[in-house]
Amino acid sequence: MALYSAAAAVLAGLERGEGGLKSLVYNSGFPHVRQLYALVSETLRYASVLEKLLDGAALLRAEKKLAPQLAKVLVYDLLFGKGLKCGGRWKALARRHRARLEAELARMKVRHKVSRNEDLLAPEKAVNALASQVPRYVRVNTLKTCVDDVIDFFKRQGYAYLGKAASVEELKALSGKKFMLDLHLPELLVFPSQTDLHDNLLYTSGHIILQDKASCLPAFLLGPVAGTHVIDACAAPGNKTSHLAAILKNKGQIFAFDVDPKRVATMNTLLTRAGVTGCQLVQQDFLTVDPRDPKYSKVTHILLDPSCSGSGMVTRGPGEEAAPSAERLQALAAFQRRALSHALGFPALRRLVYSTCSLHQEENEDVVQAVLQEWGSAFRLVPAFPSWPCRGLAAFCGAESCLRASPAETLTHGFFVALLERCKEGAAAPSSLPAAAKETPQPGQGTEPGAAPKKRKKKKQWVR
């Protein structure tokens, strides 16, 4: 039963946008990670087929206490996997419905005029091809090391370093044991998509963070300087929080919020491994936080990455909210508007980044437009990273200031980022992006927040 429960928890985490498949599996605490990863991967591969089977067999209506994620895992192993070899009462439940499920599977094959189970997966092949385009991105954790040392480490492991990329096409051409420095972000290394570094010493020791490039943009563009007080409003699983801490050089204060105790525990583990200090984890719904609380009186920067449909996550697997219903989008957008408006209410706030891993305009441009109209002239949307190739959809004046990301155009997951700053009456126009985004330095040359660290006479403690 532990295997199926762990797999269902990973599926639920993917749906909530808590991280990628591999990170959730490896942070699950389940002792047999390869077995868990295989089960979840295959369940995701058959996700749309499983949803149709569950609906046609009315399993969830008949068994109201059975969570959809657990139902998918059980039915996958029952019909497509190695058969249910554990599971206790849930195993017995699934077997009670076996005849109905097998009959529904047979009807599905007749409708699609196929004879093999795999022939039902034609739509999923396109998704898998899309996911294979996205490289493996590795963010160097400058709280523990520097870019140059990480490059040297991988060279000693037999990887070939090809220098800084000049274009997305160069990243797309990576293969084998070759890697490059990203063309946009100064602390991001890029490996071929099939590269698995979860067992690598640098990852297990917290010297590197496996984080998609688009997910690195929010903290990078927020660009708080050392000593700043920052809120990470919807922080789990903690990759963006650790990125903020690295930019701050552990100097300042981060308040990281999440309402779920399990996610807070996972985040604590990740941040401890990354060497993050000066971060207060708060198990609380961000919407219930009082902006006038004196402890937040110095908060000048907020990163808001609220729950979303996750429609931009290419590794989520088919059927995982790739096309949420209109009602679901409406509910998400309403929550996102409340969260963004609430965040703007912190009295000392100067700069805020709003981001989602969604492709839908309702969760992105429409949310930003509605909240800016609500706040009148108090805040403005400013151009973020002008050299970034993909801009916001033309839903309102100023959408060009926003960023979008996609597998096809930026070789990342689908993402949206908007940068807001407080307007000061009579003051000069604020800078539209952090110094780090104006010019990307080579490793060891940067001094501004978000840039690669300078070469130091005395290097930080290193893993040998």
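Even glycines carry a Cβ here, placed using N, Cα and C.
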(request) Select from 91-118, 315-342 the stretch of residues annotated by TrEMBL as coiled coil. (result) 91-118
(message) Let's check the environment of CYS357 (active site, nucleophile): how many other CB atoms sit within 10 Å of its CB?
(response) 24
(request) State the Cα to Cα distance, in Å, between ALA236 (S-adenosyl-L-methionine binding site) and CYS357 (active site, nucleophile), rounded to an integer. (result) 14
(request) Work out how many Å separate LYS240 (S-adenosyl-L-methionine binding site) and CYS357 (active site, nucleophile) at their Cα atoms, rounded off. (result) 13
(message) Counting only residues 6+ away in sequence within the same chain, which have a CB under 8 Å from the CB of CYS234 (S-adenosyl-L-methionine binding site)?
(response) PHE257, ASP258, PHE286, LEU304, ASP305, PRO306, SER307, ALA339
(request) Report the largest Cα to Cα distance, in Å and rounded to a whole number, among the residues CYS234, ALA235, ALA236, PRO237, GLY238, ASN239, LYS240, ASP258, ASP285, ASP305 that the record lists as binding S-adenosyl-L-methionine. (result) 19
